[in-house]
Amino acid sequence: MTYPVSAAAPADISYSKNTPLVGLSKPPCLYQHASSSVDSFSSTFSDDDRSDLVAVPNESPHAFSYNPISPNSLGVRLTILRRSLEIMVNSPDILHELKKKAPVIAYPPSLRHTRNLTETATLSASRDPLNGSLISPLVSNMPSPASRPVIQRATSLMVLPDNDTASKLNPAKSELENLLFLLNLALENNSFERASDLHMLSLLNIKKINFDSDIQKSETLKKVLLDSLAEPFFENYKKFPHKDLGSKSQYNEYEEKHDDIVSLADIKPQQDYSRILHPFTSAKNSGPEAIFTCSQQYPWNFKAANDLACLTFGISKNVIKALTLLDLIHTDSRNFVLEKIMNAEDDNQEIVFTGETIPIVQPNSTSNNNVPNLIWASLWAKRKNGLLVCVFEKTPCDYIDVMLNLRDFSVDSIIDTTHFLENFDKKKQQESTSPMTEKKTVKFANEIHDIGSVSHSLSKLIDDVRFGKVFSADDDLLPLSIRVANHVNEERYFTLNCLSENIPCAVTTSVLENEIKLKIHSLPYQAGLFIVDSHTLSLLSFNKSVAKNMFGLRLHELAGSSVTKLVPSLADMISYINKTYPMLNITLPENKGLVLTEHFFRKIEAEMHHDKDSFYTSIGLDGCHKDGNLIKVDVQLRVLNTNAVLLWITHSRDVVIENYTTVPSQLPMLKENEIDVVGSRGSSSASSKKSSEKIPVNTLKAMADLSISSAETISNSDDEVDLNQVNEKLRETSCGKVRGIESNDNNNYDDDMTMVDDPELKHKIELTKMYTQDKSKFVKDDNFKVDEKFIMRIIEPINGEEIKKETNELDKRNSTLKATYLTTPEANIGSQKRIKKFSDFTILQVMGEGAYGKVNLCIHNREHYIVVIKMIFKERILVDTWVRDRKLGTIPSEIQIMATLNKNSQENILKLLDFFEDDDYYYIETPVHGETGSIDLFDVIEFKKDMVEHEAKLVFKQVVASIKHLHDQGIVHRDIKDENVIVDSHGFVKLIDFGSAAYIKSGPFDVFVGTMDYAAPEVLGGSSYKGKPQDIWALGVLLYTIIYKENPYYNIDEILEGELRFDKSEHVSEECISLIKRILTREVDKRPTIDEIYEDKWLKI
């Protein structure tokens, strides 16, 4: 919601926080255990506060990001952009203005928040805590701001816009809606193709926005969008009652009466930081983190890993324990990693790596010219309980090798494998050359002979060492080349000045026989957390790796300094804000949760310079590198409390980021003779030995050949097949933009649903699509209501047959329609697996995308039935998860387990309707869940803020029922989390995603699944696990998350030994708390079984 903006002078500004102001943006997850660091702090902090604040930026692998499409980087910015677009799309006023000529922009604007707003339906709707309420000091595009009505978000949910309303949509709104649709897809799916484009849009200026409307309208639309991005907003950590907290005294009185917003100093910091920092992040669609647990001593042998570690590094579970940490590190960085580990051990430091970027080893990582590419990853690692827990995440990184002559240190050659300098040279040539000439204005890499043409500061250091201006002890005993190399390695961080802007880089030097090799690498995107004292602007804590990579400053050089050492203008900007917009003072207690966006600071800077138009072309603020050069950064500020603010500082290059997320194919490992058995073994009557068996290696080789030839039968030949051609073909479709399926997506997409003739069904699908794009609408009361009677009929065994009968009758009714939802599995599943094709279907809705595949809502072109199709990349199917089924053939275990569960179905488990395959994918057909679609439990928790305990009980009871059925069949799910539970509008639950499921007799297991959030302590501790107790632990995490809307544990320390905390303000029953405590016990043998949980008194309904 945006309040009316007045033209009153700043002195007339009044402010009232009379609604719960909740934003949509989410900075990174932060952890709260203390470690030694900075000693200089403001006296406003207690010792406990200080230690916790020091620990936060380095204790968490989410307090930094070098990955522009990770949730804690792209999401931070795109959610702000989405919030702005939603306001514009749903505001007729803004769109009406776009029909007129662009008005002269009133600038600088002023702000007044009225206290006595009329109580209207619009105002009431705006108080929904799901709506991102905005403060609007900088919106300046409307000609009559004082008379502009309050902006409201759309409140119609089940009713779609009628034709008359739809006909009034102007081109500007259509463009905004398309952009909003792309944003939602990127945020929902972490799609590289969309996110890499939107990455730059999220840091956009007016030159980076392209709309199809005429120039005048487009210019106005761009400015409206940029202005909306510059609006501050609130993101509260708790729901406030709907009352006016108009003054500081009123706020203090309220604070005394309500312990849920008490100040940081009044409660235990550990507990408070857990709560305060929770809303800053979302674990959903988190980046593909490879997690390893290894021994703490040399040679650091691996004890356990997650599935994404196997996928990222191209290894199988059978070889994990034969590898060491250094085996995964590229030879160029092994000494660096070794030194860091040894130093941490000598200094008894728990945190070993805080996000250092290093090259890693990955099979088949070659460029188009068959030149080996370096694959880069950030590394976070912590020593705990005799173990070293490591988290890798791939990052984009440009690098060049510069070879210097040993005589005069001139440049002999530059190896630019990633075309780093070439791309920038082309850009500069385009910018500085007229269209009529092709005259080259810059040098290409092979024409550079002076290192000063690449980096002034690097060149200066080399010259200073050569001429004795920089000298260290023992230098006189060393040859000049080694002295130069040592000093460059010691300094390490410089800026590159050969490009359109100064950019930070890191340099590693080695002396070869005839030359010096400089390996220069630069991160296109880097961002990290800096915690600052609100009163003095001194740095309280910061991520050490980001400080070095971005600004070239180490801990001892930055500790206790002012933030102006990094962003010189920030103090003046804060002072200007306090004077001009006093209601935005970051030290006011009522401003806890205030967010000042990147574009807000860009606009403030333009206002301070009295140059209104410079905001629209701004590319950020000036940051200061250690070498004295200025770099461009963006700053987002969040008020933690009256004493501290969080700064999320970003440096991002305006370049097209190459797809760095490619994963090595799993197929080459099929040639490994040491693999005796791959896949699952039957373990119950429901999955008897007749249905599955061991797979010998030669059969797997034949299977790989089959995936290309589409043969009807599996070869029994023992001849070894050449997989090079297979791998090359599959590598083309391995990650990111997949050629074949992208083509299908484009050609087979039916946005108008011309194939759906039935009006009622078409209306339901339209609602499904709408709710997919805006999950908050799905949980509104006129659509979402937990139906207890219906749910009880499902989960009570007595009525199982009755439900099946009702389902069959529904199928019969639907079969009379021209287009229908298919819910009955094929009689012979997989019988047409090489006949049926994906081109037989048309995509109605793109639903999701993950590390292993994609999900689409589709309609069959000929038979007109509607299903959800999950597409699994064959290349990414872990080699350990193939099974040979006598009836179904050689298939992924996910399909085999789903087919097994079909034989003895349970209503809370998603059915397999059919499957088929082609060269690149397996396609799994499943029913559409819910008449108006469904959303996952993560989104229900996120958006359904008013869910009561009884509703949570009904939802959780169904999840327990589904897991009970799995365990009864001798199957463990191994990836229980809120994202793998879908819920329809009646609260009807389905458990999904059996890609990690396995038969219990296949254990014990060494590879765990997913991220740390749901991992049991014994798993993170490196122990092999049986499966059932770990499913139980994940259920406990899930129950806590449903009830308290946050994770029970925030880091490794808490999972391994932290104490459970329960927020008393939530008024949760003792029976529920008791069940959570029973489940989340660290002693494996004392955890309850699924039957005991199912019979628990709290779950008695």
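Glycine is treated like the rest: Cβ placed from N, Cα and C.
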To which residue among Thr118, Thr165, Thr772 does Swiss-Prot attach the annotation phosphothreonine? Thr118
Which one of Lys833, Lys870, Lys874 goes with Met847, Gly848, Glu849, Gly850, Ala851, Tyr852, Gly853, Lys854, Val855 at the ATP site, as Swiss-Prot has it? Lys870
One should report the C-alpha separation between Glu849 (ATP binding site) and Asp975 (active site, proton acceptor), rounded to whole angstrom, as 17
Determine the Cβ neighbour count for Val855 (ATP binding site): the number of other Cβ atoms within 10 Å of its Cβ. 20
Using C-alpha atoms, which one of the binding-site residues Met847, Ala851, Gly853, Val855 comes nearest to Asp975 (active site, proton acceptor)? Ala851
For Met847 (ATP binding site): DSSP state (helix, strand, coil): strand
Suppose we draw a 10 Å sphere around the Cβ of Glu849 (ATP binding site). How many other Cβ atoms does it contain, all chains included? 21
Using Cβ-Cβ distances, find the residues under 8 Å from Gly853 (ATP binding site) that belong to the same chain and are at least 6 apart in sequence, listing them in sequence order. Lys870, Met871, Ile872, Phe873, Arg876, Tyr921
Taking 10 A as the limit, how many CB atoms besides its own sit near the CB of Asp975 (active site, proton acceptor)? 20
Confidence summary (mean pLDDT) of the domain 'Protein kinase' (841-1099): 91
Under a three-state reduction of DSSP output, how is Asp975 (active site, proton acceptor) classified: helix, strand, or coil? coil
